[in-house]
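Report on the following structure.
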Amino acid sequence: MEFSLNGENGKYRKIEQYDPETTKEISEHYKKIIDLVGEDSSREGLQQTPMRVAKSMQFLLQGYEQDPEEILRSAMFKEDYRQMVIVKDIEIYSMCEHHMLPFIGKAHIGYIPNGYITGLSKIARVVDAYARRLQVQERLTTQIKDCIQQTLNPLGVAVVIEAQHLCMQMRGIQKQSSTTTTSDFTGAFERVATREEFIRLIRG
Ligand SMILES: Nc1nc2c(ncn2[C@@H]2O[C@H](COP(=O)(O)OP(=O)(O)OP(=O)(O)O)[C@@H](O)[C@H]2O)c(=O)[nH]1
Ligand SMILES: [Zn+2]
């Protein structure tokens, strides 16, 4: 699955490549849902909606087609830098696996290299590859930590995610302001002083 903009005669054309069979099947289910909630899926404004939603869902859940470890491995560079590297405020758009509603927030990632560094964008790509799946925030946090630890073998990894869950805002308990914070640490970040330095730097 790919989403790209392709220049042609000075114009930009949107090219979406989704498996046509899968897209058709998903859209048929959404057509039924639209009718079942009391709408008329054949009315003009809704005719293209099932197809749009089918593409949209495939976009939002594209992480299943990505290999996060491979993403990291694709840009590993030998480097003798053994201090903390932090990429903070990485936007997260994930989908809660209980209600299939978004949870939205930020991830802050730190690691201390052990002979190898990785491309900074690859850290954000790893976050996206796991976020674009049906998730709970706790598992998302741990998967990112495990991936970086296992692939880069750094002296330590720190992951903090802060997110708001639409399933708690739009429905259910309807708490508009609550934020959920999850964290996971390995190696050097298990020491209080290192962890506190990380927390101070992401808050700064
Ligand atoms: N731990 C965790 N829980 C989550 C996450 N996303 C949603 N939930 C919770 O999943 C739970 C599902 O509980 P259920 O009682 O089965 O579902 P429900 O009846 O829709 O629950 P309410 O949201 O309380 O109305 C809810 O408490 C949600 O708040 C997440 O990322 N992590
Ligand atoms: Zn939910």
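Any Cβ shown, glycine's included, is placed from N, Cα and C.
Copied over from TrEMBL, here are the features:
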- CYS96, HIS99, CYS167: Zn(2+) binding site (BINDING)
- 26-203: domain 'GTP cyclohydrolase I' (DOMAIN)
Additional residues around Zn(2+), ordered along the sequence, whose Cβ is within 8 Å of the centroid of CYS96, HIS99, CYS167: MET95, GLU97, HIS98, MET100, LEU101, PHE103, HIS165, LEU166, MET168, ARG171, GLY172
For the domain 'GTP cyclohydrolase I' (26-203), mean pLDDT (0 to 100): 98
Neighbour tally for CYS167 (Zn(2+) binding site), based on other Cβ positions within 10 Å of its Cβ: 16
